[in-house]
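S.K.: Found this in TrEMBL, in case it helps:
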- B:24-44: transmembrane segment (TRANSMEM)
- B:64-90: transmembrane segment (TRANSMEM)
- B:102-129: transmembrane segment (TRANSMEM)
- B:149-174: transmembrane segment (TRANSMEM)
- B:206-225: transmembrane segment (TRANSMEM)
- B:245-266: transmembrane segment (TRANSMEM)
- B:287-308: transmembrane segment (TRANSMEM)
- B:328-346: transmembrane segment (TRANSMEM)
- B:353-369: transmembrane segment (TRANSMEM)
- B:398-418: transmembrane segment (TRANSMEM)
Amino acid sequence: MSKQFSGVWATYEFLDDFCGAIRELRDSGFQRLTTLAPCPRHEIDHALGNPQSRVPFFTLAGMFCGFSLAFTLMTFMSLDWILPVSGKPIVSFPIMGPVLFELSVLCAVWFTLISMIGLILNDLRKHGMPGSKQWKSYRRFTRDRFGLIVPCTQHDLDKVEGILNKFSAEEVNREA
Amino acid sequence: MSNVTYASINDDILHSMRPPGKTWFASMAIILTMLGMGIFAFGYQIRHGMEGSGINNPIGWGVYITNFVFWVGIGHAGTLISAVLFLVRAPFRTSIYRASEAMTVFAVMTAALFPLIHIGRVWNFYWLIPYPNQRLLWVNFKSPLLWDVFAVNTYMSVSILFFLVGLVPDFAVVRDESKGLKRLFYGIAALGFRGTNHEWKHYMRAYLLFAAIATPLVFSVHSIVSWDFAMSSIPGWHTTIFPPYFVAGAIFSGCAMVLTLLLPLRAIFPGFKDIIKMKDMEAMAKMIMFTGVIVTYAYSIEFFIAYYSGAKYEKALFWFRPFGELKFFFFLMVFCNCVSPLPLWIKKIRTNVPALFLISILVNIGMWMERFNIVVTSLAHDFDPYAWGSYTFEWVEIWITIGSFGWFSMWFFIFVKIMPSLAVAELKEALVPPMRSAHHE
């Protein structure tokens, strides 16, 4: 993926410059942006148009799976080995409450985790990353700098670079 | 956080992760000695059976179950701080939640050992798990003890996942600030995290869901632990007040343990003082004040219920607790849990580090005593006077208890040196971001 990357990446010191550049790029038709930041910032989300994650659907699915698993497990086991306790029904729904809850929670959490990893990998696969040495050795995005990757054709390189510089980018690097 | 910047947070965290010094090794030597005592005593118990513990007839649950409930309670506050306070956006959470979460994970890891130690024949522990076996029988889903197996294991799994997921962006910070083997190690732990919008988008949503899921779990786990007692018919146990009483007690002891761990941490690493502020510690003290009042109310109402119910067995038990032969443990509990937190109502005391530390230790002692009182006195004094008994501490259970503190502390000391003990990304999120224009967007 990195070998095929064509575009520009830039670094910013200030968040307002960075968000300004994102907005202008999106207004100019560059929608497939990748940003890098030391922490999540709602200003960046707003500039990117508030993208939504699909993780909650998987969490809900996990909860249903856990609930069904617990119900099936307890019903099957209670009927397979009849163990009368204090005259209570052999398959008793109220008594299933704690285990139904716990397994629903457990499966929901695992589904959330696995779906989060899967969705991240899927998104990263779709968005190219620069492959140059300079990119690989740059380590300040987890420290105190904001980064912007703009995939574009050779034809658009000048235009993108112009926008990035207009918002006082600290460094602008072309990769083609 | 006026002096704190994105870069200074990274520097402070990396400073705390430098190779350990003499004090760390000396502390670790003491901790490992404690752990060694526990392992030796456990080995003795496996060789000679339960005679080394004070467990007898009728007191079938003793120090081990007391330790189990105590450590689950300690494990409560971490998830409360990291999940519940995340949902309500409490400002004091950010600086303390990572260490509290680590405390939760290690406390639940410690708690999970005690049912195994208590059952004696530890090699048969897997009988607790529903699995197809040669005798074609299944576990009893109508037993609260089995619910507890599910509750504690779920709580442990969720706490560990919540803790590790929270660490991923911070491992990426350490990776990018390191070289060589250290970079490789933290690179693997960071799972390739770089801080892109694609990662943050799913990560933050998943983290919010983790918090939302963990919140009812915080309340359910200790409620289910309380049902181990409340679902039985023993006087002193069979009461509907137990779930909220146990949850409040767990938060009380957990917050005290957070102070016991964080006050020294703050003193050892000077950079942390700018991040873990006194007002954060004061907020924990306020939680102790609040839950301390609930616990005191629960103690009082238990006596009132015993009197008002007219049940003679309840009355006899609640007479036995303050006036019977185990009264020392009762009054120590009342002093530590009801009296010792009272000075915290004075601002000067709850902003004084030595006073806070001392009170947190007393609360921890008191909450251990509370569990001991619940477990042992009720069994010692049930329905039939002919079957009443008493409890004597034996060296094996004392050593195993000391060993459990060694086990817990060992993990915490290792954690402080190999993992970021403050949440880097979240601390940065709480800062005013670097802006060229004067006004924050």
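From the backbone N, Cα and C atoms, a Cβ is placed for every residue, glycine too.
Could you give the neighbours, burial and distances for every feature on this list?
M.R.: If one looks beyond the transmembrane segment (B:64-90) by at least 6 residues along the same chain, the residues whose Cβ comes under 8 Å of a Cβ in the stretch are 53, 55, 96-97, 100-105, 107-108, 110-111, 114-115, 117-118, 152, 155, 158-159, 162-163, 166, 207-208, 210-212, 214-215, 217-218, 221-222, 225, 246-247, 249-251, 253-255, 257-258, 283, 364, 367-368, 371-372, 374-376, 397, 400-401, 404, 408.
Tertiary proximity for the transmembrane segment (B:102-129) is limited to same-chain residues at least six positions away from its ends with a CB under 8 Å from its CB atoms, namely 42, 45-46, 49-50, 61, 64-65, 67-68, 70-72, 74-79, 82, 139, 146, 148-149, 152-153, 155-156, 159-160, 163, 254, 257-258, 261, 400, 404, 407-408, 411-412, 415, 419, 421.
Away from its own ends, the transmembrane segment (B:149-174) comes close to residues 10, 13-14, 17, 72, 75, 78-79, 82-83, 98, 101-102, 104-105, 108-109, 111-112, 115, 128-129, 182, 186, 189-191, 193-195, 203, 206-207, 210-211, 213-214, 217, 220-221, 224-225, 419-420, 423-425 of its chain (Cβ-Cβ under 8 Å, at least six residues beyond either end).
Note on the transmembrane segment (B:245-266): residues 69-70, 72-78, 80-81, 96, 99-100, 103-104, 107, 218-219, 222-223, 225-226, 272-273, 276, 281, 284-285, 287-288, 291-292, 294-295, 298, 302, 337, 353, 356-357, 359-361, 363-364, 367, 370, 412, 416, 421 of its chain, located 6 or more positions outside it, place their CB under 8 angstroms from a CB of the stretch.
Long-range contacts of the transmembrane segment (B:353-369) within the same chain, counting only residues at least 6 positions beyond its ends with a Cβ under 8 Å from a Cβ of the stretch, are 66-67, 70, 73-74, 249, 252-253, 256-257, 259-260, 263-264, 267, 281, 285, 288, 292, 329-330, 332-333, 335-337, 340-341, 343-344.
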S.K.: Does the transmembrane segment (B:24-44) reach the transmembrane segment (B:287-308) with at least 3 CB pairs under 8 A, where each pair is 6 or more residues apart?
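M.R.: Checked: the transmembrane segment (B:24-44) vs the transmembrane segment (B:287-308), no contact.
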S.K.: Within the same chain, where does the transmembrane segment (B:328-346) have neighbours whose Cβ lies under 8 angstroms from its own Cβ atoms, ignoring anything closer than 6 residues to its ends? I mean 6 or more beyond.
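M.R.: Contacts with the transmembrane segment (B:328-346): 252, 285-286, 288-289, 292, 295-296, 299, 321-322, 355-356, 359, 362-363, 365-367, 369-370, 372-373, 376-377.
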